[in-house]
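Engineer: The disulfide bond annotation in Swiss-Prot covers 47-185, 333-369, 507-540, 546-557, 551-566, 568-578, 934-962, 966-977, 971-986, 988-998, 1147-1183. The domain 'F5/8 type C' annotation in Swiss-Prot covers 47-185. Taken from Swiss-Prot, the feature domain 'Laminin G-like 2' applies to 403-540. Annotation comment: Swiss-Prot describes 542-579 as domain 'EGF-like 1'. Sequence annotations record features per position, and here Swiss-Prot assigns domain 'Laminin G-like 4' to 1032-1183. What Swiss-Prot records for 195, 329, 340, 398, 668, 974, 1047, 1137 is N-linked glycosylation site. What Swiss-Prot records for 1-35 is signal peptide.
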């Protein structure tokens, strides 16, 4: 029955490009949903029917009773291959082409055998297979099951349309075991065939298109690289041009702004295989997708509405049109062309019956899709070839074919002449060359074309040889070579190799020998076709690995048949995919890694590997440590403003050397930024000060970063409506708020620094009140560059002070490509810096042995690792940088910006890293092998992670800043603190003390006969400034404490206690004998005293410090000719020297002469020979001084892990249910047992006749006596007579 005309009108009206809801779902490839939520996505009406009821299932292999027929979803068994390898396929033949929307999988019931990840492939003929790909053109890895019993669904957001579907398991648990179901519906196709001269025209004059949103989707297949697929234009300059150009899909459009926007997607689209196209526009945002590879763009210009009011063409145009870059009409098939939700081909078919045929014009088109007689052949290896027959002993040779390849080398044709010699056509560096050897003639090499033909496009090739002439024709460009030669052809022609191991790898079609063309399907395997499956007939199985471009940051992609390569030379980035920046993150980052000059011009990359490009700046390094970054612009010179009277009539936009996103990144990372702006004026007002907020009408103003007119001048405060002089009260006219507002005929100036980062930089300046060019009014402005100081990236520092402390970041989606940059500072030899895991994948960076960094990861296959060893220590408590990158080709580790190492990915599909755990910084995910030290500047894919914010949350073992245990100087008495961050140790080598904090005394208790001598070895020591220290205690106020002498010069120094109990120093350093007495204290009272003797000022000043008294300085007048140096010191004595009879009696410790500690040396194990006791044997003593101790380090305890309340509640609910059931069962059993025992007790005598007649009469002698003594008695009542 014919539908009403109004409905048809509505259908045609819907052609006016509305929004296709289906396309809006195409954003991220695949949605995984659980079984209980699946009905929320599709209803039965939405194409959601099981498709495998009558499907035929086959597999590459299977175990007994686990064949492919067992792989149906609701079966009790499952398909299991013989071996667990990656090369197994489960193939589903659906009988007819179907639209597949969803797949469901299960494992083997009641076991742990299930598939966790798989690839889906589909085919139109069961021979040529294509993988379902993600938006980056990589095979999509579908998530599988987590156990053997539950169902897991995956939704194909762009449906699969095919008859054959096969599943390739890539990851599994225990064994590969699968049960499968596909959901979808029958596929009804509406086809339209174009032969290269045809087209369809739809008249839009009656119903023009005016839309802000539209969507188009269709399928096509073709064997030709160029052709117009869809075109329309309007009278206002709008046009919409969809076309094939060099086997890529190109969309050019203009919304009337006279600026064309061009998008390109897809590659190798002329392979005569169906391709899915989806285009969706929402105002100026557009999505363009071919075979699920998505390109997003933004239409140039200001307009958002598409106006088309002429014709809409499909398959071609009658003449050249604006926006078209190809001239050929389309050759091939279009299927199910949907404008919004209306099938255009169906409407066109019905239009004649409905009387709407006048709207459509069809030229040389049919409603069908015949297969073209073109059968490509793929040579997959260099050893594969085809051997075809020709006319033997012919005087002419003619061979033609089409070829496409990505290889630079390979033999395409080899023929041995019957008359002797040969012909070889080969590729060398992508150029086609001819190697010709004719009998009795010299061998010649023909190189006639400068072009390279290994670009993946189809190229035509024809070669013909006849007497004295060779004609080579490539892409319709003939080259003739004339040479004396005569050939007789042989019988065999080797195509793509055969005689040479370096065969051709790529595709060929229409191979003709001597004018004869034989269909590839008719070639005889083994006789004409070599190497079995290495030659694929009726398919061109080439992969364009450069589309979409895997090289980041505009790197140039090249490829061969196995892999791609990136040329990063012009990008400023490095690595296999141009991911890692060669430019520093900031000026401070440059200073941290290398020596710098005072001023350096360079490019900064503020986000590292992120999307922002490098931009030029000037770095200024000052002696006080300040680092300033200067960003220039185009208007830094002083500019005169004259002849602009109206407020803001003069406008100057400022163009910086960076775009807005780059500038915002620089501002956000800097500690402070400022920009100087000044205006010099003569009788030209700046503001209209003073003024109220509602009456502020300035003559001039500047524009902020967000295009906001600002109400204050540089140097003032936001909202003040003043200049700097108005804030300070120093304006030329005290009644005004700006100098220029005084309207003086003298030159005045208002200027200052704008320091509010939220408004910087200045986008534009506007000036007025400068009169006419003939009057005296005039102004001059100067805008300086944007200057910034500091980098918050390097002040974002945290300290890990406990080995199992960690910062848990959200899961890091490293995917196919990602990088992590950080700087660390530690003294630890072995630790894990970061770690993250997934179900099978993981990443881990660890420090090993103090001088080697190791990055380990696993992405589906076995674990891989890359190591960087250094010739220096990485645990030297200095900052070191590390950059970790993993991409499609390799993993890369860079240490300190220069030491690099890589590990290549294994051949085959590159799997994305699937990480589900937190990214744990500072330990493993189990909080083991922890890191202690400092970490800063953590960047994930170029984005800074605010570690300080995490530390402010009070995390266990984490501190803000880089604060070690040695910051508080815990080591005393010149001890050297060795940082460990979770603790510390003290090196007392340069101290007269020992102990954990160099606070334990090393002393000796001296008697009158005790003497200790230290002999200076080697060259004699001479000093002009000494640092001498000695501690002592005594109750006998006399004696020699410490002395130095030289027998060579007679010079000496003696420190002793005088008989009066005072400290006395006597010395002679060559200028004259001197004696110093410290009279303020009596030193013989048994107290401990600490004395320092020092010289300075060229030996003319002696400083004597005792205990906590103020130092006393003694100055000596030494002549310029005198020698104040203590020359050739030979001996140091403690207690007395050899010339004395009685020595010091008491305890001496802390003996130090510069860097010599004699008591420490004498009491160490294996003491040196130059220090010894010459008197009685001495033992070490602490002289009654208790060592200083520090409070113990507070012990922290890791808090209990956070528990998901929902999961906990669910777990408790499950446990409660189980416990309740168990308790009920136990109570029921106890009740049964209780009833049983009660019944048994009540019925324990049932069935027995029992009496108590013998009770009490067991020992009776006779029956009468037994009756009398029995308990029951003889039942004769004894009568009693009572008297009342």
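Quick reminder: no glycine exception, Cβ is built from N, Cα and C everywhere.
Remember, predicted model here, so these are calculated numbers, not experimental data.
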Engineer: For the domain 'F5/8 type C' (47-185), how many residues does DSSP put in helix, in strand and in coil?
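Structural biologist: Tallying H, G and I as helix, E and B as strand, the rest coil: 4 helix, 74 strand, 61 coil.
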Engineer: If we check Cα distances from residue 966 (disulfide bond), which of the recorded positions 185, 329, 333, 551, 974 wins as closest?
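Structural biologist: Given the candidates 185, 329, 333, 551, 974, the nearest one is 974.
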Engineer: By CA-CA distance, flag whichever of 329, 540, 977, 1183 among the recorded positions is nearest to residue 1047 (N-linked glycosylation site).
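Structural biologist: Closest candidate to residue 1047 (N-linked glycosylation site), judged by Cα separation, is 1183.
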Engineer: Do me a favour and check the Cα-Cα span between residue 998 (disulfide bond) and residue 971 (disulfide bond); whole Å is fine.
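Structural biologist: On Cα coordinates alone, these residues lie 6 Å apart.
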Engineer: So which residues does the domain 'EGF-like 1' (542-579) touch in its own chain, when a touch means Cβ under 8 Å and the partner is 6 or more beyond its ends?
Structural biologist: 136-137, 248, 265-268, 271, 293, 295, 378, 404-408, 456, 505-507, 603, 605, 609, 613-614, 817, 819, 885, 887-890, 892, 902, 907
Engineer: Taking the Cβ of residue 333 (disulfide bond) as the centre, how many other Cβ atoms fall within a 10 Å radius?
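Structural biologist: Around residue 333 (disulfide bond), other Cβ atoms within 10 Å: 23.
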Engineer: Helix, strand or coil: which one is residue 1183 (disulfide bond) in, per DSSP?
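Structural biologist: Looking at the DSSP assignment, residue 1183 (disulfide bond) belongs to neither helix nor strand, so coil.
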Engineer: Looking at Cβ-Cβ distances, which residues of the chain lie under 8 angstroms from residue 578 (disulfide bond) while being 6 or more apart from it?
Structural biologist: 551, 552, 553, 554, 555, 566, 568, 571
Engineer: Across the domain 'Laminin G-like 2' (403-540), what are the DSSP residue counts per state (helix, strand, coil)?
Structural biologist: 6 helix, 68 strand, 64 coil
Engineer: Do you know offhand how many angstrom separate residue 1137 (N-linked glycosylation site) and residue 1147 (disulfide bond) by C-alpha?
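Structural biologist: On Cα coordinates alone, these residues lie 17 Å apart.
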Engineer: List nothing but the one residue from 971, 1147 whose Cβ has the fewest other Cβ atoms within 10 Å; the candidates are the disulfide-bonded residues.
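Structural biologist: Taking 971, 1147 as the disulfide-bonded residues, the minimal 10 Å Cβ count falls on 1147.
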Engineer: Among the disulfide-bonded residues 557, 934, 966, which residue has the largest number of other Cβ atoms within 10 Å of its own Cβ?
Structural biologist: 934
Engineer: Please name which of the recorded positions listed here, 47, 329, 986, is nearest in space to residue 1183 (disulfide bond), Cα against Cα.
Structural biologist: 986
Engineer: Pick the one among the disulfide-bonded residues 47, 566, 568, 986, 988 whose Cβ has the fewest other Cβ atoms within 10 Å in this structure.
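Structural biologist: It is 47 that, of the disulfide-bonded residues 47, 566, 568, 986, 988, has the fewest other Cβ atoms within 10 Å.
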Engineer: What is the number of other Cβ atoms found within 10 Å of the Cβ of residue 1183 (disulfide bond)?
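Structural biologist: Looking across every protein chain shown, the total is 18.
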Engineer: Of the recorded positions 195, 962, 986, which one sits closest to residue 977 (disulfide bond) when you measure Cα to Cα?
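Structural biologist: Going through 195, 962, 986 one by one, the closest to residue 977 (disulfide bond) is 986.
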Engineer: Per DSSP, to which secondary structure element type does residue 546 (disulfide bond) belong, with helix, strand and coil as the options?
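Structural biologist: For residue 546 (disulfide bond) - judged by DSSP and reduced to three states - the answer is coil.
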Engineer: Express the distance between the Cα positions of residue 369 (disulfide bond) and residue 329 (N-linked glycosylation site) as a whole number of Å.
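Structural biologist: Their Cα atoms are separated by 17 Å.
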Engineer: Tell me whether residue 962 (disulfide bond) sits in a helix, a strand or coil according to DSSP.
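Structural biologist: Residue 962 (disulfide bond) sits in coil per DSSP, no helix or strand.
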Engineer: Let me know the most crowded of the glycosylation sites, choosing from 329, 974 and counting other Cβ atoms within 10 Å.
Structural biologist: 329
Engineer: Rounded to a whole number, how many Å is the Cα of residue 1147 (disulfide bond) away from the Cα of residue 195 (N-linked glycosylation site)?
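Structural biologist: Counting only the Cα atoms, the answer is 114 Å.
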